[in-house]
Structures are given as structure tokens and as C-alpha cells.
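As C-alpha cells, the structure follows; a few thoughts come after it.
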Amino acid sequence: MTNIRKSHPLFKIINHSFIDLPTPSNISSWWNFGSLLGICLILQILTGLFLAMHYTADTSTAFSSVTHICRDVNYGWFIRYLHANGASMFFICLFIHVGRGMYYGSYAFMETWNIGIILMFTVMATAFMGYVLPWGQMSFWGATVITNLLSAIPYIGPTLVEWIWGGFSVDKATLTRFFAFHFILPFIIAALATVHLLFLHETGSNNPSGLNSDADKIPFHPYYTLKDFLGMLLLILTLISLVLFFPDLLGDPDNYMPANPLNTPPHIKPEWYFLFAYAILRSIPNKLGGVLALILSILILALLPLLHTSKQRSLMFRPITQTLYWILVADLLTLTWIGGQPVEHPFTIIGQLASILYFSIILILMPISGYIENKIIKLN
């Protein structure tokens, strides 16, 4: 009699995905972040579900309902801050996951990579709409500024913005539809993540060397289930520490003021995880140009497989491109800092230079360095 996990139609899928899955024996801790993203998503869906039980998507009561959750609901404050800071942890894991993919050449798996980019856009849209729901000052003005960017689209722009708003400004209709989308999108993300995993298991995982690892594979369970469990413990420890000791560290104080359409905050800015893209948007004086740069700052990831010039997949043995990669990381941190600063000298010029450097490294310098490294290998 065969083992039930190998014969049962449902268990067989789970077995091939998480138990008997042949995995390279040398994948490092950078490969933990995929499973951590799964944990973050489950956590966000669960905490979000409990928050939705007490939240009201109406402009007159939304802010009060969030206050009610924090003050009157049993452990409501805990659930609310788990959800808010869980989003931050989600993005930290997401950025590391994408960064790992860039470093080790995982973008060679085209289907997996492209679904990953779609996932990233979907997660960003979900987070943006979630930020609008508490209906604080930054919620309202963030929604107004970001949705207004669509008016830069030629001909249909203004009509499109009013259609999204459901009126002539961000109001009750906007809040209601944002809540509806914010509720449904995580389930779409879960479905896309399953497809992402499906395509990954068609090819098998990449590994730090970027070489073929078919000759040296080990079963996923118990080796990587245990390793993922350690990552999960560290993630939960970090998140709980953040929630219990510094719950408002990553939030904006302006969001503790109820939304007021008659009073504009001095500095309108999104959550910290969008600041790099916001800085790129602001660095271009033209509205349409800024919007295009904003979209391209993420969409540029889709070009990575086409821009790969090196004969080696990973950056493990490529010191020149390695240096460029870490300059890119530093540049993204600079953009994140600039995105949170007011639009004045010297921040404007720093933002513009950092934006130029961001696109230059990916589009020009990395392909050239790959070509140079090929030449150096030939010389040896």
C-alpha cells in the first residue's frame, strides 16, 4: 500500500509542493523570504478579517470605528497594530525577496518573475487602499494626491479620476469602494501566489551559485521546513516587538487627526514603503512624466531578463556588477529618505540625481559591467 500523501489527489499536490519537493542543497537564508511572505499574507488576511468585523466604511464613522476598535474591542489595539505593522513587515520581506531575485539571477525564470511583478503591483495597490481606510488626514490627502495622478493620462484622465472617485472629490463613494477592493485583493494575491509557486516548481529553485543543481537535491521536508520555521519565528518576534514597543514608529502622526478636506497637511507623503517611488515621481517636473517614471520604477524589473548580458546567472562571481548592485540598494535607501522630505533645496536635486542613478544602473551600467566581466573571463 502506497503512502496516502503520495496517492491521495489533494495530499499529492501538497506533497509535491512542500514535502518531497527536490530542493538545491545550498540555498541560503535569502530563500526564506518567499515562505515569510506567505506567513505575512495569512496574518494580514486573518487580522484584516477581524478588523472588518468592527470597521464601518463610511466617511462619518470610519475614523470613530477605528478608535472604537483600539479602545473598546478586546485586544482590538493589538489586532489593529498587527495589521498596520504587518504591512510593513510584508514590504520588508517583499523588497528582500525581489532583491534576492535580482542578485542571484532568478529573473531567468520568466513566468515566475513576471507573475511576481504582477503580485508586487497588486500588493502595492492593496496597501495603498488600506492606508485610506482609517480616514485620517494623511489617508484622505494621500488618496487625493495619488488618485489625482491619473488625471495626467491624456484625453481620458479627468473622466477616469472622477469615475474612480465616484464623484467630484474623494468622498464616501471612494471610501466604500476602496474598502471593497481592499477586502477582495488579498484573496486574489493568494491565488496569484499559488500560480507563482506553480511556475517555480515547473523549473525548480535557483541557488546562490546560479549553476545547475540537479545533481545535488534534497527533500524540502524536514530540511527547509525547519529552516523556514526559524525564519517565521524571527519574523513574528520582530513584528510582535514592533507592535508592543513601537506601534507608531512607521506610521504618520497626521493620521491621528480625522480627515478634513478644508485643511491640507504641510507634507503629504505615503507610507514609508512607497517613498522611493514617490521620490522618483516628484523628481520629474512634468506630471505625466512623473507618473510614467513612477510606473517604470517597478515595471523596469520586467526588463531584467532582456538586459542580462553576462554568461553567468548569479552575481556570486561577478565583483563589478556586485558593486553596482549594492550602490543600487544604497540609492533606493536614499530615495526612500528623500521621499519623506519636503520639496525644497537640497532634497530636490538629491532626489533627481538618485532617480537618474536608479535607472542608469539598471538600464545602462549593469548590462555594460556584465559585458566587461565576460571579456575579463575570456582574457583568463
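Residue positions begin at 1 at the first shown residue.
Glycine is treated like the rest: Cβ placed from N, Cα and C.
As given in Swiss-Prot:
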TRANSMEM  33-53  transmembrane segment
TRANSMEM  77-98  transmembrane segment
BINDING   HIS83, HIS182  heme b b562 binding site
BINDING   HIS97, HIS196  heme b b566 binding site
TRANSMEM  113-133  transmembrane segment
TRANSMEM  178-198  transmembrane segment
BINDING   HIS201  ubiquinone binding site
TRANSMEM  226-246  transmembrane segment
TRANSMEM  288-308  transmembrane segment
TRANSMEM  320-340  transmembrane segment
TRANSMEM  347-367  transmembrane segment
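Nearest by CA distance to the residue listed as 'ubiquinone binding site', out of the binding-site residues HIS83, HIS97, HIS182, is HIS97.
Contacts between the transmembrane segment (347-367) and the transmembrane segment (226-246): absent, as fewer than 3 C-beta pairs lie under 8 angstroms at sequence separation of six or more.
By the Cβ criterion (under 8 Å, sequence separation of 6 or more), the transmembrane segment (178-198) is in contact with the transmembrane segment (33-53), since 3+ such pairs are found. Spatially close to HIS83 (heme b b562 binding site) yet at least six residues away along the chain are GLN44, THR47, GLY48, LEU51, judged by Cβ distances under 8 angstroms. HIS182 (heme b b562 binding site) has a Cβ environment of 21 other Cβ atoms inside 10 Å. Residues 98, 102, 105, 107-108, 110, 113-114, 117, 120-121, 124, 149-150, 152-154, 276-278, 280-282, 355, 358-359, 362-363, 366-367, 370 of the same chain sit 6 or more residues outside the transmembrane segment (288-308) yet have a Cβ under 8 Å from a Cβ within it. Counting every protein chain shown, 14 other Cβ atoms lie within 10 Å of the Cβ of the residue listed as 'ubiquinone binding site'.
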